[in-house]
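Visitor: The structure is given below, and queries will be raised subsequently.
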Amino acid sequence: MRGRRGDRMTINIQEHMAINVCPGPIRPIRQISDYFPRRGPGPEGGGGGGGTGCGEAPAHLAPLALAPPAALLGATTPDDGAEVDSYDSDDTTALGTLEFDLLYDQASCMLHCRILRAKGLKPMDFNGLADPYVKLHLLPGACKANKLKTKTQRNTLNPVWNEELTYSGITDDDITHKVLRISVCDEDKLSHNEFIGEIRVPLRRLKPSQKKHFNICLERQVPLPSPSSMSAALRGISCYLKELEQAEQGPGLLEERGRILLSLSYSSRRHGLLVGIVRCAHLAAMDVNGYSDPYVKTYLRPDVDKKSKHKTCVKKKTLNPEFNEEFFYEIELSTLATKTLEVTVWDYDIGKSNDFIGGVSLGPGARGEAQKHWNDCLHQPDTALERWHTLTSELPPAAGAYPLA
């Protein structure tokens, strides 16, 4: 609109923006139910009450609306024949899946874990890939002594290992109470290795001599950082959580330092106890090279004269030594019932005190498998009984009072 010279020109906003402000025809808003077929109250395929059958769709629906809800969300259907423990959480599926087999061989006291492959792992490196490997721990009692590890696969989010890791000395008590922790990590040569995800499998899910297949999504359970990398406040929280975990697991929980295979037999002909030191497995590493130089000592207590000590030879640079040595204690069966056999494993060091790795006591005051092994030996003379035992970090009473050499 133009005015005369000198007059103020007025233009309304509608004319300036050329917008038609008149409302058009009001159309009904579609509801979400309009995009999906409705099941009628009648039998399937029939339309009772005018409802749309399950197999029919209204002609006005777009192709996107005809797709099933799972296709709209990008979901996939797992294979019917595979044994899959699936998770619906996006946080878990984003980490990837791990496929593996577990087999508990009760006769040989071995737990076999075959790591097959992983799929869709979370990228951890700048190139959008990862360098994944798998490590195993047995809980409770996770430590370097019972850690097993696969090889590292380079630059892949879908690694294939097909690698078998084996735990020796697994007892029925372990199967009842322990949990296998399977962690997938990314190896980084320039900094610390990064945690991707983990799976925890209670061993009680396994049946003896029956292989069980798993294909499970990784879970986001990042382990606590090391004390050196934490502030004072975080260290306090870490200590509190560890104390809480120990309280939940029960009092008197000791750190596991490996396993030892012992043979006991009372000889009625020789009137004495035969103690066989067969082998050890998954010993704790005491040297800077990641190994130990282990040997085994045995005592039959109480030992007033200190003459009951026996010692095996030293095995160099190994965490799984084989000894196959036998010691004999001349003693009557009635007296043996009041004694305690203490077996300790040590790391030999030149020029300094030897390091205690772990020990186990068998006798009337023992518990669990150690007590059962001792009682079976007393009640089954002239029979060699081999059993695996867990070595713990606590030094048996008065064991340190004897020379370590």
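Our numbering is plain: 1 for the first residue shown, then up by one each step along the chain.
Positions of Cβ are set from backbone N, Cα and C atoms, glycine also.
I grabbed these lines from Swiss-Prot:
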type: BINDING; residues: Asp125, Asp131, Asp186, Asp188; note: Ca(2+) 1 binding site
type: BINDING; residues: Asp287, Asp293, Asp347, Asp349; note: Ca(2+) 2 binding site
type: BINDING; residues: Asp287, Asp347, Asp349, Asp355; note: Ca(2+) 3 binding site
type: COMPBIAS; residues: 42-54; note: compositional bias 'Gly residues'
type: REGION; residues: 1-94; note: region 'Interaction with UNC13D and DYNLT1'
type: REGION; residues: 34-54; note: region 'Disordered'
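Describe the structural surroundings of these features, if you would.
Guide: Cβ contacts within 10 Å of Asp125 (Ca(2+) 1 binding site), excluding its own Cβ and spanning all protein chains shown: 13. Under the DSSP three-state reduction, Asp125 (Ca(2+) 1 binding site) is assigned to coil, being neither helix nor strand.
Listed in sequence order, the residues of the same chain lying 6 or more apart from Asp349 (Ca(2+) 2 binding site) and placing their CB within less than 8 Å of its CB are Asp293, Asp355.
Counting every protein chain shown, 17 other Cβ atoms lie within 10 Å of the Cβ of Asp355 (Ca(2+) 3 binding site). Secondary structure from DSSP puts Asp355 (Ca(2+) 3 binding site) in a beta strand.
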Visitor: Other residues with Cβ within 8 Å of the Cβ centroid of Asp125, Asp131, Asp186, Asp188 at the Ca(2+) 1 site?
Guide: Met124, Leu129, Ala130, Pro132, Glu187, Asn193, Glu194
Visitor: Could you tell me the mean pLDDT over the region 'Interaction with UNC13D and DYNLT1' (1-94), as a whole number?
Guide: 48
Visitor: Centre the Cβ atoms of Asp287, Asp293, Asp347, Asp349, go out 8 Å, and tell me which other residues of that chain have a Cβ in range of the Ca(2+) 2 site.
Guide: Met286, Tyr291, Ser292, Pro294, Tyr348, Asn354, Asp355
Visitor: Pop the Cα-Cα gap between Asp347 (Ca(2+) 2 binding site) and Asp131 (Ca(2+) 1 binding site) into the table, whole Å please.
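Guide: So the alpha carbons of Asp131 (Ca(2+) 1 binding site) and Asp347 (Ca(2+) 2 binding site) sit roughly 34 Å from each other.
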Visitor: State the count of C-beta atoms found within 10 angstroms of the C-beta of Asp347 (Ca(2+) 2 binding site), not counting that atom itself.
Guide: 19
